[in-house]
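Listed in TrEMBL:
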- 45-63: transmembrane segment (TRANSMEM)
- 50-493: domain 'Major facilitator superfamily (MFS) profile' (DOMAIN)
- 98-119: transmembrane segment (TRANSMEM)
- 131-150: transmembrane segment (TRANSMEM)
- 156-178: transmembrane segment (TRANSMEM)
- 190-209: transmembrane segment (TRANSMEM)
- 221-242: transmembrane segment (TRANSMEM)
- 305-328: transmembrane segment (TRANSMEM)
- 343-363: transmembrane segment (TRANSMEM)
- 375-394: transmembrane segment (TRANSMEM)
- 400-427: transmembrane segment (TRANSMEM)
- 439-459: transmembrane segment (TRANSMEM)
- 471-489: transmembrane segment (TRANSMEM)
Amino acid sequence: MPTNFAKSFRNSGTAFHKQHRRPHELCFFSHVFLSLSHLQHLTKSLLAVAFLASFGSSMLYGYNLAVVNSPAQYIKEFYNETMIETYDWTPHEEVLTVLYSLTVSIFAIGGMTGALLVGRLVTTFGRKGTLVKSTGLVFIGGALMGFSRWCRNPAMVIIGRFITGVHSGISLSVVPMYLGEIAPKNLRGFLGLVPSIHICLGVFIAQVLGLSELLGKEEHWPLLLSLVVFPTIVQLMLLPWFPESPRYLLIEKGNVHATIAALKWFRTKGNIQAEVEEMQEEQRSLSSIQTLSVRNLLMDRCVRWQVITIAVVNIGMQLSGIDAIWFYTNDIFKNAGIPEPHIQYTTVGTGAIEVISGMLGCFTIERLGRRPLMIGGFLFMGLCCAGITVSVLFQAQLSFMRYISVGCVVGIIAGFCIGPAGVPFLITAELFKQSHRPAAYTVAGCLNWLSNFTIGFVFPFLEIATGPYCYLIFCAICLGVALYTIFIIPETKNKTFMEISQMFADKNNILEEELMSNAHLKMATMNGYGALGQNDEG
């Protein structure tokens, strides 16, 4: 974005504050205007690749999370009809509930499978290459779900959900990894939250298309499930034209020329030597250029607290209650007393709030930092979870409590999308150096998806067993993650990957010399930028 554009925003903000002189407005608008000034180094290429990678991958994750909500009853009826036709057996309602819960949660099992593949895929094919090659999974899964009703085969729905889950498991880790590696340090937060906006947008689109006036009819639910193929077609056509991650090209492939070409593509005109030298400093600090396995990552005491941190934030992200809200929004609003014809429109309204909240977090993260968005988001979610419990308990006596319940649901969604939706994926990239990052995303992804599956499968039964008190469990988890962030996680805004590693050195009881040591690697010079050469000494 041009510098004069950012300046014009700052000047207009100053004029507004001088005229009105309201301190709380001054604080808010200053954050927004100054955040926009950080975008002056944002090139068209960076913005295009961020939106393209997120549109064909992250958005599909959000879409698949919410798309089974609207046609739930039609899917259950389809399962019931095919059971009768095939086996001459009428299943009980409990059996249909289990089958539907399996349809919802098998997506997370696929996601966990995909997450296990991330480390090997990104090392073999690169970050962008993995995104491009994994698109085939979407076409297979979409075709299975789209033709399931015509083939009268419920297994096609479940298998299709599993395969699209594998794609989401891969892309949910690879997209933030790719964007985190191509972004300059002052834009890592902004670009790192672009995928979370698309996740929220995917949820919103699924809610809108699921309206009864559009595709929320019995004959249209297979089409609704299979629409995921269209964003993937766009990504497959355009993403291959963009460069691979410069950090991958230099640190893992040792290709200085390709690295410089990629940086020139993604950066404004100017000197990129400092950025290449920063990558080479990280390369020299690595004990091995080879990517670490998950086992070696878990045994490496140099990253002990980083691993604990990604485990806490990724588990906390899913067990915060947001998946229960997304999977079962209609049931929650029905129990809150919202008239059934109005529920679908209330759900769409929450989707719009998700997108707005995600954009607010994206445009303020480079000004506020990662910690405030995480702490504020989780604390607000915890408060709203407690509010749901109280409002549901007293809505029989106090009719206005049903609106408090809906407000708390909206509050959970807003609090989640502002920070906890995207920051865990962002800091997973920031807390680790190049050799550790693929394994870190594998661990984070597996824990994230395992928690996602647990909530998707267990929540209906948990709600039956504990009623509204189940949200107090989510409240305790949200408060615990917020406290962990306050006391353990440092601010990573505008820091290089090496600086962040050094910030954790004290917690891991690692001397800086040990962190930087590498006896067998040294810098050589190549075209003024430097290249990595092997030490000829003994």
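Even glycines carry a Cβ here, placed using N, Cα and C.
Since the structure is predicted, the reported quantities are computational estimates derived from the model, not experimental observations.
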Spatial neighbours of the transmembrane segment (343-363) far in sequence, C-beta under 8 Å, 6+ residues away: 32, 35-36, 66, 69-70, 190, 193-194, 196-197, 199-201, 203-208, 210-212, 216, 329-330, 333-334, 373, 377, 406, 409-410, 413-419, 421-422
Remote residues contacting the transmembrane segment (471-489) - C-beta distance under 8 A, at least 6 residues beyond either end: 305, 308-309, 312-313, 316-317, 319-321, 324, 370-371, 374-375, 378-379, 381-383, 385-386, 388-389, 420, 427, 462, 507
Within the predicted model, mean pLDDT of the domain 'Major facilitator superfamily (MFS) profile' (50-493): 86
Cβ contacts the transmembrane segment (98-119)/the transmembrane segment (400-427), at least three under 8 Å, sequence gap 6 or more: no
